[in-house]
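According to TrEMBL, the protein has these features:
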- A:E490: active site, proton donor (ACT_SITE)
- A:W359, A:D360, A:K602, A:Q603: substrate binding site (BINDING)
- A:14-267: domain 'Glycoside hydrolase family 65 N-terminal' (DOMAIN)
- A:324-690: domain 'Glycoside hydrolase family 65 central catalytic' (DOMAIN)
- A:699-759: domain 'Glycoside hydrolase family 65 C-terminal' (DOMAIN)
Number of protein chains: 2
Amino acid sequence: MNQDYIVPNNWSIIEEGFEADRLKSSESIFSIGNGAMGQRANFEEHYSGKTFQGSYVAGVYYPDKTRVGWWKNGYPEYFAKVLNAPNWIGINVTINGEALDLAACKEVRKFRRELNMKEGWLSRSFEVTLQNSIDLKVETKRFLSLDMDEVGVIQYNITPLNNDAQIVFEPYLDAGITNEDSNWDDKFWNILSVDSEGDQAYIVSHTMITNFHVCTAMQTQLSLNGKVVNANKSINKTDKTIAFEYSSQVKKDDTLTLTKFGGYTVDRYHDKNDLIPVAKKTLSKASKLGFDQMLEDQKAAWAKIWKMSDITIEGDVRAQQGIRFNIMQLNHTYIGKDARLNIGPKGFTGEKYGGSTYWDTEAYCIPFYMATKDQEVARNLLTYRYNHLEKAIENAEKLGFKDGAALYPMVTMNGEECHNEWEITFQEIHRNGAIAFAIFNFHRYTGDFSYIPEKGLEVLIAIARFWKQRATFSTYRNKYVILGVTGPNEYENNINNNFHTNYTAQWCLNYTLEIIEKMKDDYASDLKRVVDKTKLLDSELSDWKEIASNIYFPYSEEHQVYLQQDGFLDKELITVKDLPRSERPINQTWSWDRILRSPYIKQADTLQGFYFFEDQFTMEELERHFDFYEPFTVHESSLSPCVHSIQAAKLGRMEQAYQFYVRTARLDLDDYNHEVEEGLHITSMAGTWMSIVEGFGGMRVIDDKLSFKPQIPEQWDSYSFKINFRNQILKINVGKTETKLELEGDKAMDILVNGKVVTIKPNDMVTV
Amino acid sequence: MNQDYIVPNNWSIIEEGFEADRLKSSESIFSIGNGAMGQRANFEEHYSGKTFQGSYVAGVYYPDKTRVGWWKNGYPEYFAKVLNAPNWIGINVTINGEALDLAACKEVRKFRRELNMKEGWLSRSFEVTLQNSIDLKVETKRFLSLDMDEVGVIQYNITPLNNDAQIVFEPYLDAGITNEDSNWDDKFWNILSVDSEGDQAYIVSHTMITNFHVCTAMQTQLSLNGKVVNANKSINKTDKTIAFEYSSQVKKDDTLTLTKFGGYTVDRYHDKNDLIPVAKKTLSKASKLGFDQMLEDQKAAWAKIWKMSDITIEGDVRAQQGIRFNIMQLNHTYIGKDARLNIGPKGFTGEKYGGSTYWDTEAYCIPFYMATKDQEVARNLLTYRYNHLEKAIENAEKLGFKDGAALYPMVTMNGEECHNEWEITFQEIHRNGAIAFAIFNFHRYTGDFSYIPEKGLEVLIAIARFWKQRATFSTYRNKYVILGVTGPNEYENNINNNFHTNYTAQWCLNYTLEIIEKMKDDYASDLKRVVDKTKLLDSELSDWKEIASNIYFPYSEEHQVYLQQDGFLDKELITVKDLPRSERPINQTWSWDRILRSPYIKQADTLQGFYFFEDQFTMEELERHFDFYEPFTVHESSLSPCVHSIQAAKLGRMEQAYQFYVRTARLDLDDYNHEVEEGLHITSMAGTWMSIVEGFGGMRVIDDKLSFKPQIPEQWDSYSFKINFRNQILKINVGKTETKLELEGDKAMDILVNGKVVTIKPNDMVTV
């Protein structure tokens, strides 16, 4: 645990003091991104200690050849992964011939890092005594521009403190990079050209196999005490790198500054022959604007983000810091401009999980993006899956399904399945349900039905076809069963009749039938088009109805709960509180078979179903199931505590809800699971947001109306959040005794607060 | 399928004609071995086509680092595998400057291979026209000596047919070999010295990590028309190889012969500093005996093996050839001299499965070795597990068991677990039962109880402790359940209450209690010693009794059968005959999840329990279970058909029994599963033997008496087999109408034939 390492602050993530052992963790936590690229908080100057270098370009991936011990039919041959991209941030620094290297100097003092969340930049400052006894002060600041998303900027200041010094700056580009996470040590990049022109340099390279062309570029500028210096430089070139070398004699207390503009142009957006010309133009524009103006623009762009998505918490600075960190990192990862992109579980902060798309997007992220961005953004996330429909059908075919049934991949970059554990890849099929649910959820929240006739129905039909073929009629039970699945709780594999999966399957079938029924009246020609395209038969509809009406759910009369799966009650039902603390997390101390035999639940499973489909269960049912399953839940998935937090809040158990909230909000800042060095848990950050908005705030959409049941944790004085609901912005401020609702918009809005209708006029505030 | 490729012959395996596409398959089928070493049927001379080189030394292995996609706690770090050992058979041949290479010559004629099973040798002959138009006749013969098990001998004859020719023989040793099956391309061997002295050469090398020292050695001799030639040779040495070069001008129709004695001395049997001296002495002795005498000795040694273990079949040459091939290959693999060795599933014929020990030994091989060798051999196989007991306890500890519970590894070389699929390694725990069963079986067959007080009881206690901890009390069922297992049928993973596993567990607990009870009276001091050593508590005995008495078995009232596992009836019960032929074997055409959901059974599972414990079930029960499960059994394990064959015979369904027999007997000769090139299915060959002896012959041991219920397949005129029963040899000859029993021994023997006692006097024959 990292607890108390990060300095509590409402608007900044701050690290004070240099600890080499925490370096890789801090490199994750202080990561920055702008949706188009991302950068771990690696030092610009050379560092000879342990570091995990990571620069990432959205959508540029490599299909790494699958590595398994024992091959199973149906495994994909490749695992697409986001690639570590050529390094554009590097600036080697030499002082009187000695390299500046925090792992090799005499002493580091006053080391401080700040990730300013309000304004969107990362700074670092320290004083250092080199082996040659020169004392220096170093101050750097960098950001990835939101406005010009192909550009990042670094300002690197050095001040000699005890002597004049010969300072050499060597800003460079390096395309000779490798991936931490590589199965076979393949070569991922092929370098095409290394060039420079004036103050700019360019390396064009392409990924092997996928053949993405990327130009990595930089433009540099030297200043002394704030004034641009027309410096001579030499150029050092290899077949993989290019560096400019500026050598200056600097007086004690003078400050030498290198400003570096850099980044990537990619053939996903430009013709591959234009990559250098575009890079040239973009860097020229950036350098003309200059560091200061670009920083102002960055602040303005972040102000716009916060205006729509900020959550404030009074009286609990750690909680405040946590939620803003989550919101910021989500925005680093995905902004919603490009429907071909999605939200990798680690965003641009690490390589684990390959940067690919999981069901996390539909189950956790879409609510956040629906409420904090324009509707178009969530629609783009739906369109992403629509665009992958054909591949999802192919994926199902590989597993023996037919006639247009689709199984969306567990993990994907381009629509093809990338994962290779049979118990997950082939069996964790509830993901298909989450993709259908997101369509429903988008319509429920935005009121925009148009996506469904346009694209969604095709997806729903293909998913319904999958469930039809995946269900088995058990003559023994005279019911349809679903055998051999892994539910959201991955601590059970190859189980039968997982409640969550069966319920989701039933819901998908019913929802698709309902949509078709609705479209018969209102969207007849769209329906006809889709029916023709998908060759949908009437007999399929009756099959779906038959299955949905006769699906089996394991149920315990004794406990009056749905069982997570067949046979759950055969387990030794010892609760988590009776598990020795030393044995947790069990995924680090127990063998896999022991985990599987145990009743322990990695993440909300039955309760995840109660979360998705809560209006279909009574409060008493929720309470019974929560009381039955919570005691067995170890929350060893980052996606678990938020669901339990929301449900605890719904049940009025605010202290428990708050504990779950803190666990999810500061998961990475406090490094709960000793793994933050691998990267941040981006997708679960959207769950944190849900914990406040849907949990404490009790936000729901009921019959086209927003509804709230505000509660507040004892530890807080007040909190507020904003919601973009159907193009009007509602701000909710919840205090100890009252809730204030403010509307920015142009139409009056009827809102349910604790079940009572409250009407708010545009640009007015109501206190309840 | 290879059917009709191997020429039918009662005593030989014969291949006629050269087919490069079948080369790797034939290299497996024509493999030879002598229990101490083995050799695939690779050509002596260079072959530039596709080949799978394999020379193996018993017990010399390497711990290859585990390769998995997703690590699970509890996985072993290494997979010990038998190593491809330095090549001692190689003889390069050059004719007028052109290398003899069957892949590169003009024409190959009259290619013929014969594996003479009666006499224990492999020959090869062919005529060839080289690119340089020289016609040659080549005849080779080789064998691995049974009497001197560190030595193999090759005689290589060349006769120029159309011209005089300059023939260069270059016999060599090559330690620069690799493994086909290697996870990380590690280097397995380190070479210490390459030397020669006179006509002998030696390479000493050791395996990395395990540090086995091996001297690979050869001695060579040149003859012309059968007369030894005192030839000059040159010596070609590299850091990995050594070769002698003999160059001779040979007249048309003269025959030049190279005789090569070679093999290995290993520090498992000699001091590592003595390896060269021992090799020197051994080769000198062999060459003094000479090829012809050694061949005579080999014939005699094989005659001895056949005397005890031959099975004759009249009227069905393919069946006859099949069973002798099986018996021969079992003897190639394991002879029983060394209790540290065991029977790898592929013997010395390939690298798959690492040459390690599986439960195959206890479940399939021990009956063969008990009946065809001295009792000591089977006892050695039991001792092997006794010697691994400590490691089995450690293995269980790694998975969270304690207090002396043992889980024997799924796959092992030195007692440590080597396998790395959680569903197998952690869950296929019935193997523990097979190890206990073998102890019972040995006592039942041999009447020798002494192994149990001496060693067996410790093993039984450790296994009983495992079952005690592995069972879970289900308050719901008020019974003990066993959750999360894989039964013998590996087409089901992580299932609950597998009948076979639960029954085996119950049996182990009861048997251990029974043994302890028996020893209280007759072996009190041994019992005390073991109780003290294992710290066995009385409370453990009552726990075992409690569990054994209350273990749960899934049962179908409707079908009146035990269910293979919980939920089996939920499956779509379509029988194998309704499976399109094109989809079989399903393990090559279906995705893994589909296999798991299906009712298809890879190998006898419930029926394996009925096989082990048949005296605990009625004939009606067997029939019901056979009729229920056989239709779902795809027999995609080589270990399956033999069990079904035995049970079909027991049920009097001789045609079905015969079909299963043929499938198991000629599995490799006919290459049923398109995989014989990887090596032979050695352990299932013991199942073939059981099909005849226990199936058709109906042999059982009942109350210390041999019992037979002889039947004969319609296709056969008669068959016979021999049984070493308690140091007397009984020969049973079964004809269409009568059965003859002959006894070689010194005491009269009471035998049950079809339930009636028949007394046979020593060296007498009885006809029934």
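Glycine too: its Cβ is placed from the backbone N, Cα and C atoms.
Any TrEMBL annotation is an automated prediction that lacks curation.
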An 8 Å radius from the center of the A:W359, A:D360, A:K602, A:Q603 Cβ atoms defines the neighbourhood of the substrate site; name the other residues of that chain inside it, in order.
A:Y358, A:A363, A:P488, A:E490, A:Q608, A:S637, A:L639, A:S640
So what sits near A:Q603 (substrate binding site) in its own chain, CB-to-CB under 8 Å and at least six residues off in sequence?
A:P488, A:N489, A:E490, A:T633, A:H635, A:E636, A:S637, A:L639, A:S640, A:V643
A:W359, A:D360, A:K602, A:Q603 bind substrate per the record; greatest CA separation between any two, in Å, is 16
Residues that sit under 8 angstroms from A:D360 (substrate binding site) by C-beta distance, when 6+ apart in the chain
A:I343, A:P345, A:L639, A:T683, A:S684, A:A686
Under a three-state reduction of DSSP output, how is A:W359 (substrate binding site) classified: helix, strand, or coil?
coil
What count of other C-beta atoms do you get within 10 angstroms of the C-beta of A:W359 (substrate binding site), across all chains shown?
23
Within 10 Å of the Cβ of the residue listed as 'active site, proton donor', how many other Cβ atoms can be counted across all chains shown?
21
Those residues of the chain, 6+ apart, with a Cβ under 8 Å from that of A:K602 (substrate binding site)
A:N489, A:E490, A:Y491, A:N587, A:T633, A:V634, A:H635, A:E636, A:S637, A:S640
Three-class DSSP assignment, A:Q603 (substrate binding site), comes back as coil
